[in-house]
Each structure stands twice: as structure tokens, then as C-alpha cells.
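Over in Swiss-Prot, the protein carries these features:
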- S250: active site (ACT_SITE)
- H395: active site (ACT_SITE)
- N85: N-linked glycosylation site (CARBOHYD)
- N283: N-linked glycosylation site (CARBOHYD)
- N401: N-linked glycosylation site (CARBOHYD)
- A2: N-acetylalanine (MOD_RES)
- 67-424: topological domain 'Lumenal' (TOPO_DOM)
- 46-66: transmembrane segment (TRANSMEM)
Amino acid sequence: MAANSGLDSKVEYYRLQENEIISAVSSEDADQNDAGFRLSTIHLHLFHGLKFAALLFTVVPVFIILDSMKIIFQRKRRFCLDHVNRSFLRQSSWILDERICQYVLNPLFVCLYPSTFSSPTYVKCNIPIEDQKSPENNIFQDHQLNAPKIVSTKFYQYVMPEGFDPTTDPVLVFYHGGGYALKLTPTSFSFLNNMRNAFPKMAILVPDYTVTATDDQSKKYPLQILQNVAIFDYVVKTMGCKNVVIMGDSAGGNAVLNIVLYLRKCHREIYPKKVIAISPWANATFFHEGEKEYMQGTQEWDGLCLKSHSMFGRMFVGNNPNVDFTSDPFVNIEKNFETKMWQDILKKCSVMITYGSDELLSFQNKILAKKMSDASEGCNHFTAKNVLVEHQGYHTGPILNYSRNMDRWTNIPSIARILEFMQS
């Protein structure tokens, strides 16, 4: 949120450190504390920045070379530059830890936001009493989660076409990935720009939910779910948008599926028109029997590794030993799939799931797609056309395709299917 002008550095410091001011402190002491806090933060940025740079420019190149040689000599596939890109993404994710996300990558990504992100829209939402009292909404029924009753968040207008009519024109709300731990990465900008060119009359909004790369338990699950629902509510209620498409990749795929699940659990009437989950994070903390072994085999072709997947899962839920996250339907959507809930959801909005056959998450996504298909049996709301399995595709492949040639981009099979679904 934007800083209040009436708050001085003393108040800001204690708000960060203690969440409340217990006693009055002299201005001189506050200035010293504030300076010490800034120095400590700078030290952390420098230390973890140097650590990340050292690993990125020493360890990562070595493993990229080893991965490339392995492909060439084993001859399982024809070697191409795409394999180098996957290896770079995979090895880069392998060297990540919570501090690198918090003190290096997230500040860097924010600095790289395009000029169109200069004026965010802030949203403050009081969670409806009906949501809090719904017996099906475990976020509030499980009091150990300490779910907030008021949430604040923001979103950016990536593009707002001139003369946009919220009652008829489409709006795409794009929930970015990154394991809920990372800010919007620059790799998404090319995809969003191509979407803008493909649909000139479509507005594109990008939510900026709170990331989990922090020790603060209050910034872990379920905050992100509530923030994402708050953005959707703002779009349909305050902005009055009727033709809403919500899309997300990886953790963003988890987000868009959780939004409609939350709406159903709270017996809401307004749903998005379409939901597109690209390589959705269907289970954040749960692994099926044999799934880890499967992931260890598929990760050699993917851009994501098992180590980072597990790390993001731990960061998402945080340290709350009083909660069984394994059985939480928002944390592990596929594992706790509620057929009746999704039958109702699929009658109210169209859902599309895409993933690649080379993906680390393909095991859980295949099961999720099958469960959705079974839930829609006899209704034809979720058919084979709603599932795209890209042959030898990797994690969030459609988002990571950097082509600026619109003719070439729109003819990529995965992109073409997504565009067709949006236009249907």
C-alpha cells in the first residue's frame, strides 16, 4: 500500500519490527534504529546477491554443459537450443533459496517492471461475513490458520484499451507464477504483450499478491488466496466487468483454480467466464506414492527441479505445526479434489488445463484433468478440448515462448489452443 504521509521513520521502523509501538521513543533513537535497520537490510541484499551471482556464473554453466553433453551422447533426443534454455531454468531454480528470492530476485524483478506498471490500483477488502461463516470454507473454519478478516493488495493495469466497455469487452486477469514466493518475472512480459496484440480490445490486469519469501507467518497461506479473490471481486463488482477471463501459470494456475473453488465454497453467484490454468501447481505439499521418483526422472527435461518445487511448497504454507496442510483443498487441490464442488463450478464457467509431457508436475496434472473430466461426465462442460498436453512440453512452456513474430506465435500449437479457447 502507499505509505501514509503522516507516518515518520520511527513509526515505520517499529511497524516493521514489532507491528505496534509499545512506548514513545526519542527522535534521535528512532533515527539511529532506522539507520541500523537500513544498513542491516543492505548487508543482506549484498551478501545474498553475491552468493547468487557466484552460483549463477560458476555452478550453473558447468551443469548446463554437462546436461547438454548428456543429451548429445545418450542420443535420446535431438539436441537443440531449447534444451539449453530448459537446463538454464532448471539449474537456476536449483540454486535458489528463500533469502535469494527475498533479497535478490524480488527486488530485481520489481525494478524491471515496465513503465505501464507505474500506477498500481490498491484494493482493501473486508472479507464478507458470509464467506467467514460458510461451513465449507475451511480457510475460516480452521481457526489455526488465523485467516485475516481484512486483506489489502494491489494490481497493475498492463493495458487498458481506449474506450474499454466493462459490460462487453473482455478483461484478462493474469495471476503470475513463481511458487507464490517470487514476484512477476520478466519472462511473462513477452507473453502478455503478445496477448495484447492478439486481443486489441482486451484489458489485461496483473495482480501483485504478497509473496511468501519471508519469515512472517502472516504473509503465508491463506493470505494469497484471499488477496486473489479480492482482486476478482474488485474487477467484477467495482469495475463492473462482465466478460472476465482469469489465467495463471504454475502457482498462478493454483490461484485461478482456487479462486473458483473459493467462490463455490462461499456460495457466490458471480464467476469468471473462463479459467485457464497453465501448468497448474495442483498439489503444493503432497506427493503421491512414486511421484517423487517420477519427478526425478522428468526433471532432466523440464525447466523446474524437485528441490525448488519442495522449497516453494514449504514457503507457501510456512511453519504452522497445528495445521494439516495435506488435507487442505486449497493447498493440495488434486489430492483433496471435491467432485460435487467441481461439478457445480464446471456448470458455471469453462475451465482449461494445459501442461507439457516433460513437466515435473505432469503426474499431478494428469490426475487432476482426469478428475475434472469425471466430474463433468454427462454434462460435457469439461471435455478433451479443455485439456492440452503439449508433446515434450516443459513447465509453463506457453508463457516462456519469447517469439515476437505474431504469425509464428499464434501458430504454436499450445498458444493456438489457448487463443481458440478464449475466443470460443
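Any Cβ shown, glycine's included, is placed from N, Cα and C.
Model, not experiment: these values are computed from the prediction.
Distribution of Swiss-Prot features across the structure.
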residue : record                      : Cβ contacts under 8 Å, 6 or more apart
N85     : N-linked glycosylation site : G303, L400
S250    : active site                 : G177, G178, G179, I278, S279, P280, W281, H395, T396
N283    : N-linked glycosylation site : V331, N332, I333, E334, K335, Q364
N401    : N-linked glycosylation site : S190, F191, W409, I412, I415
Quiz item: When DSSP states are folded down to helix, strand and coil, where does N85 (N-linked glycosylation site) land?
Solution: helix
Quiz item: Within 10 angstroms of the C-beta of H395 (active site), what count of other C-beta atoms is obtained when all protein chains are considered?
Solution: 30
Self-check item: pLDDT averaged over every residue in the topological domain 'Lumenal' (67-424)
Solution: 95
